[in-house]
Amino acid sequence: MRHVQAEPSPSSEPEAGPSQPPVRQGALQGGLLMGYSPAGGATSPGVYQVSIFSPPAGTSEPHRALKRQAPSTEGPRELKRGPGLGAREGLPPEEPSTVGLLGPEGPGLGLGVASQHFSHRGLCVVEQRSSVTSSWTSGAWSPPCPPSNASCNTLHTRDWASPDPGGQGSLGESPGPAPPGQLHTLDTDLHSLAQIGGKSPVAGVGNGGSLWPRESPGTANGHSPEHTPPGPGPPGPCPTKRRLLPAGEAPDVSSEEEGPAPRRRRGSLGHPTAANSSDAKATPFWSHLLPGPKEPVLDPTDCGPMGRRLKGARRLKLSPLRSLRKGPGLLSPPSASPVPTPAVSRTLLGNFEESLLRGRFAPSGHIEGFTAEIGASGSYCPQHVTLPVTVTFFDVSEQNAPAPFLGIVDLNPLGRKGYSVPKVGTVQVTLFNPNQTVVKMFLVTFDFSDMPAAHMTFLRHRLFLVPVGEEGNANPTHRLLCYLLHLRFRSSRSGRLSLHGDIRLLFSRRSLELDTGLPYELQAVTEAPHNPRYSPLP
């Protein structure tokens, strides 16, 4: 057996004792010790052994390699820190022994320092540890190997004691004695292949001296080798198989507690892999919420003729909704002709005076100075009153045609009861301009003898210009509105009749009655509501 020390220290004289193995003599303060045996026996053609060790803390002088006598057959005791050399042969299985660096049958080199030993066969790394539990707590342990020893820093993070011949674990587990074929070591070149960068996880305790837990590669974590997620492996190729995936395919990652990955369903092929970007444990709970193409659900009723009819009816109901979304212009087919519209629109016919009376037109200006004198006659004659008139004019024509004026007489200054009139009689309203000239005198005859108490109604008196000879059956389109008077009547709870609210008038700028050359005549029309004629007070 030949040994090579990576970092030798100055040699020192060994103590007297039995025959030493043919190795370099001297205390090793820290480094790497490798050995090679060309003829390892029938069981192994070649043996490589590697030992990584470091000096204990608090030592000032180098330790010397000595041979130690076999201890007595007492219980497990503390492992001495002093230098010593012992032989592995003849020791009982339960007692700790010195570190053996030679073959299974040859003597071993005892190093009185904390060290790590590996036996390599092929590309598997096996770590050997001691079974003495007291040696973990007694004494001051040495720090990890110096940074110069790259193999120690990259393979382990803590020191281990030497193993016993029986291969007992450090926690008392006894998986059985290791066979001699497992105690091979690795050469320097092969050992460099086992070194990995970064931190390596601490080896499990009590697994028969193995750096990694001995599990069946097919059942690790309940997964098959193809579904085992990539992670930090043991030094050297691990027996776990890894499947090489194409560049465009993502690996199937699943939780350790969920067991083997189930077969993907047909409907989930369109969804992206949810476990690539988030926790795999939550994947079964929210992956169905991701948007994706939905597969049509087959309904057993669709196979029969009745199912096809229902489907067709559903499409007919949804077709108008789709056309509404596209736009109103697509509702009618392009071949259908549009509805013919009349040349002259009559939708606003009769609404012009209503719009003026209700003030829907924007006024162009106001004129002050108009007044109105109100009087009535009948069973009694109330006193005449004169009230101001608010006059507003409008610009509703592009030509120079005269625009009507709107006058409003407010009756609120007369009191809450308004202007009292008899139930049957005549109302006279005379309009004066700012020059106190009569613009128009309105005479309206009324009969509200049948009007119940607490009701109201109105009268609308119009003056039209109609062609001569058509007074009785004049066409409404041939009539021209000249004046309009709107009166509101109300009966009190006692049955007394009065004018209330306001009085509204429509008139023109100039008097059309003076134009004698026109072939038209004035026609008065008084209208009242009917069906119902009277309405109750609010």
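Residue numbers in this text run from 1 along the chain shown.
Note that Cβ sites are derived from N, Cα and C of the backbone, with glycine treated the same way.
Residues or ranges marked as compositional bias 'Low complexity' by Swiss-Prot: 1-18.
What Swiss-Prot records for 227-238 is compositional bias 'Pro residues'.
The phosphoserine annotation in Swiss-Prot covers Ser254 (among others).
Here Swiss-Prot flags Ser255 (among others) as phosphoserine, drawing on similarity to another entry.
What Swiss-Prot records for 1-114 (among others) is region 'Disordered'.
Marked as region 'Disordered' by Swiss-Prot: 133-300 (among others).
Under the heading region 'Required for macropage invasion', Swiss-Prot lists 348-430.
In the region 'Transactivation domain 1 (TAD1)' (436-444), the DSSP tally of helix, strand and coil residues is 0 helix, 7 strand, 2 coil. The annotation region 'Transactivation domain 1 (TAD1)' is assigned in Swiss-Prot to 436-444.
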Structural state census, the region 'Required for macropage invasion' (348-430) (DSSP three-state): 9 helix, 35 strand, 39 coil
PLDDT averaged over every residue in the region 'Transactivation domain 1 (TAD1)' (436-444): 93
